[in-house]
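TrEMBL lists A:C235 with the feature active site, cysteine persulfide intermediate. The heme c 1 binding site feature in TrEMBL is assigned to A:C89, A:C92, A:H93, A:C127. According to TrEMBL, the heme c 2 binding site annotation covers A:C190, A:C193, A:H194, A:C235. Under the heading substrate binding site, TrEMBL lists A:R231. Summarising the annotation, TrEMBL assigns domain 'Cytochrome c' to A:74-160. If you look up TrEMBL, you'll see A:1-28 marked as signal peptide.
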Amino acid sequence: MNTTFKAMAAAIALGLPALALTTGPAFADEMAEGKWGEYQVGDKRSGYTYAGPETRAMQDDEFQNPAMLWLDTGMSEWENAAGDAGKACADCHGDAEESMAGVATKYPVYSEETGKMMNLEQRINFCRTENMQAEPYKWESDELLGMTAYVKNQSKGMPVDVSIDGPAKEFWEKGKEFYETRRGQLDLACTHCHVDNAGNLIRAETLSQGQGNGFPLYRLKWQKVGSLHRRFRGCNNNIRAEKLPYGSDEYTNLELYVTWRGNGLPIETPAVRK
Amino acid sequence: MQRKTSAISAMVATAAVAGLALTAPAQAADLVDYKVVDDWTIPESLTGQPGDPVNGKVVAIDRKLGNCLSCHKMPIPEEQFHGETGPSLWGVGNRYEPEHLRLRIVDSKVINPETMMPAFYRVEGLHMVKDGFEDQPILTAQQVEDVVAYLMTLTEEEPQTN
């Protein structure tokens, strides 16, 4: 919704005809000409710019975007007291719209407590186990996806701004190495598809740059919201490589590298993709 | 240069010396030796048999086997959505001899180490291969020969659309 308003405001400021604001095809044509608006920063392009017009429309319309159901779950979990401490997120963090604005742009972050990188899912579960004394949410549960999407949604439209300075550097290097290492029976590295061939077709699929700024997102193929780690597992499986566990150090470091690649792109959570 | 499935030979030798039962996966044991000439060709059929171009087309299309359409345009109009990360295979039978195509399918990285194209008949030097696919080439030796035979039939050049 924010995004739509911004695009409209920009269009009005530029004095574009009102018709272009209200008709899908005109908007689609504009996208087809390579004017990606805020979805492109330099040569970085959000997966949005590789998606079809129907998929983009589904993401843009709050009432059509199926991920909103998960956002609702996250919103109610925010208020839901759990664990031995008897606290809800809201008891410490208050109104998420204020306290969480901009927070997700920095994740993954280096954690002094664990001595490694922590993504948003891990930070949420860390808070649950350490502060709420509650059970961690299970990976890919509606609760964890919903809470992650809800928190990240508070940064919607803000540029991704992950730091790889200081202690994060060595984890970034591990993520980069993963990204560039061939694996699986098909012997492919992430780079072969998402750097060398972004925009090209693999059969009916247009390869994207593999940016993470829309996650967690609703994927039509999944018929639900999923995490970036789920997407990593799918990619690894496609090339007949070993899938690593959700939240594994390897995937978290990879998430750091992938997210850093997209620094400057706007947070789109919850995005919709094919 | 002689390229061998040395791991298999070593396993066989070790097992023989130790008097152990051979437990190497059947697929891996099936990998045949072949000779690469000038890092450019494999002159001889992997199986000693000619390839079957009809089955070669089936293998080329099958998403679990050759899956060639994933990356290459081919003169197969009945299949929608041809990929574009690799070169078009229209007319490929005019540009190459079987010995060239054989190496490109068996292990294209001998020719270009940077290529995206998987080695369809190699099990060594792979990393983090999914359970159930270790020590298995993507295609069998006969499937490689069948695809070579099929590709040699592709002599029609792609019609110019402009």
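In case you wondered, yes, glycine gets a Cβ from its N, Cα and C as well.
Quick caveat, the model's predicted, so the values are computed rather than measured.
When Cα-Cα distances from A:C92 (heme c 1 binding site) are compared across the binding-site residues A:C190, A:H194, A:R231, the shortest belongs to A:R231.
Of the candidate recorded positions, A:C89, A:H93, A:C127, A:C235, the one lying closest to A:H194 (heme c 2 binding site) when CA atoms are compared is A:C235. In the structure as shown, the Cβ atom of A:C127 (heme c 1 binding site) sits within 10 Å of 18 other Cβ atoms. In the predicted model, the domain 'Cytochrome c' (A:74-160) has a mean pLDDT of 98. For the binding-site residues given as A:C89, A:C92, A:C190, the lowest number of other CB atoms within 10 Å of the residue's CB is seen at A:C92. Other Cβ atoms within 10 Å of the Cβ of A:C193 (heme c 2 binding site) number 22 in total over all chains. Per Cα geometry, A:R231 is the residue among the recorded positions A:C190, A:R231, A:C235 nearest to A:C127 (heme c 1 binding site).
According to DSSP, A:H93 (heme c 1 binding site) is assigned to a helical segment. Of the chain residues outside the heme c 1 site list A:C89, A:C92, A:H93, A:C127, A:K87, A:A88, A:A90, A:D91, A:S99, A:N131, A:M132 have their Cβ within 8 Å of the site's Cβ mean position.
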